[in-house]
Amino acid sequence: MNKLTYMKNSVFKMIYFICIFAVINLILYSSKPVGASFYDIVYMDFLIIAISVFFMFIDYKRWKCNYKEVYESVTGGKEINLSILRGNHVFEVWLIKEILKIKDREKNEKVQEVKYNLDEINDYMTKWIHEVKIPLSVCELILDKMEETDISEQLRLEMDRIKFLINQVLYISRASSLSEDLQVGEINIARIIKAVVKKNASFFIAKKINLNFENVDFNVITDEKWISYIIDQIINNSCKYMYEGGRIDIWGEENDKEVKLHIKDNGIGIEEKDIRRIFDKGFTGENGRQFGKSTGMGLYLSKKIIDKLNHQLKVESQVGSGTEFIIYFYKLSDYFNVNT
C-alpha cells in the first residue's frame, strides 16, 4: 500500500490531467487574443501543478487510510469490518464490499459445516461410550462371581483402567460445549472424595497405596460432575506415577475468601522443567516418556474446566519426593464471575 501502488491505480486520472494540462497550455500559447506571455503561462502551470500535487497527496492519504486496514486484514487472515470502507472511490468500495461479503459467507458456511461434523462425531462417541459400558458391566458381574484369585484381581484392575480411559474420552467430547454443560451448585467435598476413592479402589489395592484424608468436610460452590473428574484425574495420576506401597494425603483448609483442597503423594515427582507445561494440551513430559501411560489430555482438560469454574489449580513437585496439587474454591461472592 505504498505511493507506487497508488500511482499505478491512479494512472488513468494522471493521463487525463496531463492531457487537459497540455491542451490548456497549447491554447494559451497559440491564442493571440489572450496575449499571455511565456512567463505568465509558466507561472500558471506552476500554480496548477502545485495545487494538483497537493490534492493528489490528500487523496493518497485518504486512499491509504481506507484500504490499509482492509489489506492487512486480508493478508493477515483477520476479521474484516466492512464499516472501515469509506471514501469517494464508489465502484472500488462497492466491489471490495461485495467480495468480502462473499468471502465472509463462505467462511461462515465452512464453520457451520465443521461444527456440524464435530457435533456428529461427539454424538457418535457419546453413544459408543455408553454402549461399551454395557459389556464392561457384564464382565464386572462375572468377576464378582469368580473366586478371589490373582488373575481375577488383575483382570478387574485392567477393566478399571479401560473404564477410566472411556470416561476420559467422554469428558473430552463434552469439553467443546463446556459452558452449556456446567451446573454450578453447593457441593460437599468429602462426599466427592469418597466417591472418587471408591472408583479407584482397585488401583489402591493393586499398588498397596496408603490413603489418608482428613478435614475435608467442606461445602463449596462448584459443578459436581466436573470437579469429580478433576479430582479423579489427580488421584489417578498419583497412583499411576507412584511405586508400590506409596501414600496419598488429602486435606482441606478454609479462610474468609476460599477453601483449599490439597492432594499430595510421595510418588516420583515432576521434573522442574516440566512443571510449567503439565497443563499444555498433549504434553506428557519426562514421566510420560518413562512410563508410557500418558495422553497429555487429563490435566489439560482439568485446567480448562478449573478456569471455566473460576477456581484455581496449582502444583508443587520435587523429583523423588512427590507432587502436591492444590485446588482453590472461592467463596460465594466470587461466583458471580463464573466464566461462560
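Placement of Cβ uses the backbone N, Cα and C atoms for every residue, glycine included.
Owing to the predicted nature of the structure, the values given are computational and were not obtained by experimental measurement.
Across the residues of the domain 'Histidine kinase' (127-333), the predicted structure has a mean pLDDT of 82. According to TrEMBL, the domain 'Histidine kinase' annotation covers 127-333.
For 12-29 (among others), the entry in TrEMBL reads transmembrane segment.
What TrEMBL lists as transmembrane segment is 41-58 (among others).
Same-chain neighbours of the transmembrane segment (12-29): 36, 38, 41, 44-45, 48, 52, counting only residues six or more beyond its ends whose CB sits under 8 Å from a CB of the stretch.
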